């Protein structure tokens, strides 16, 4: 933006001071966001005894490969069977499984609600709509009992499918389908395309950007799930990285010996790397998905 | 619905079936169970249950502990919402204004969105740790003995800071996109009318951002109530004894640790009513938001 007051020398000087002030605030803000993770990274490169003695480290040490190696490949947990690699794989299964499931289910439902004339349309919409009234956290205990009675605890199905019972994606696609020009479906019908052909050949290709945007949001949401995996998976082979954080805290709270600080920080960093990388690399899609889905 | 919709009978039902089945089994069934068991007193060892009417609710509202948790939740929600909204607004206004490095700042201020609350909580546990924590050292330097997990308000402080840290990015993104959607001619007109940056912000920019701010207010309240579970669970280190907790965390503690099914269900129902009220409020605002734009 051009500053119209910056024609006289005096105003120019004042303008520069205000720019320095603006940048200072932004740099302070960025540091506030960055510093905890930077400290985690530098601390993860030190030996546990050293950290215990001197506190968190502000610069890099020599043990970075050892700590990350232990976090990824050393067998841990109560049963000594789970490694960071297993948890990483489970996190990807949960993140991708949830995102893909969500997109397929909600596109189908939104297509039915927007493009078909049938009696239950309004009723179905309200049934789905009501789910935004109750986040999983509120109905956590009864949900757990239901999963237990069906026998889905300690399975990927029990981990992923109950999380899909919400309306967010359906709303997103409904909103988008409503913005697609009416003429498109008219033209397709004149050309003799049926509902399935219209969906597969026209609507899905048209929604590509929307699908990418919602995929990022949902992947991050699935990856970062904590409470639900904590309840559903007691078998350590099914732990996700975020679920593994709870084990670290537990060991940390009970431990009599020096806690594995470096390794814990390494695992925390691995747990945040994939979702953070996706958000940074696909920033414009991510912002689109976030702002347009309106949650 | 589209005017020129398809008139197929079975296809829409077939398309809706997967979504509706999942919602029926994993949403309506548990929700119904919660309401039902809030009227029963369950034996903790699973030997049947007894209908007690509204006893669970009256116990809940008479409980001093529940009142304490509710008061803390209110304070926590207010502080987290106000702090993160104010910080994000300031940062968004500045990021919208600067000419150089705007993209870099944008990335640096939004990436934390992807960090899971419990992961942030774990970093909080380390930063606020009694032995090794840097923040603890900072407090000690000012002569304050900071004790995470021991002192009630010290723990509350860490919870609020970590929750604000996680919530700034969402608020920042929405405020920035709200600011960028203000048309250029409005900005220029404002610039001519009111050359002082401060006055211009409060008289022109802020009112134009009000719909975004109202919407974010609801999002933030919901976040502080429900999504901070992972932060609280990690910061109290699995030992909620004398530590502050929110209403949602209490549902979990009473239900899974205390085995008080009826009480926990009654708490769930109270929260359901709260979310219902928030949602109705939100839709009222959304309706109004359409008139603005």
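Glycine residues also receive a Cβ, built from the backbone N, Cα and C atoms like all the rest.
The range from B:132-155, B:156-179 that TrEMBL describes as transmembrane segment is residues B:156-179.
Distant neighbours of the transmembrane segment (B:69-93): 109, 156, 159-160, 163-164, 167-172, 175-176, 178-179, 201, 205, 209, 213, 216-217, 220-221, 223-225, 228, 244-247, 250; these residues of the same chain sit at least 6 beyond its ends, with a Cβ under 8 Å from one of its Cβ atoms. Two recorded stretches are said to be in contact when at least 3 C-beta pairs lie under 8 angstroms, sequence spacing 6 or more; the transmembrane segment (B:156-179) and the transmembrane segment (B:200-226) meet this definition.
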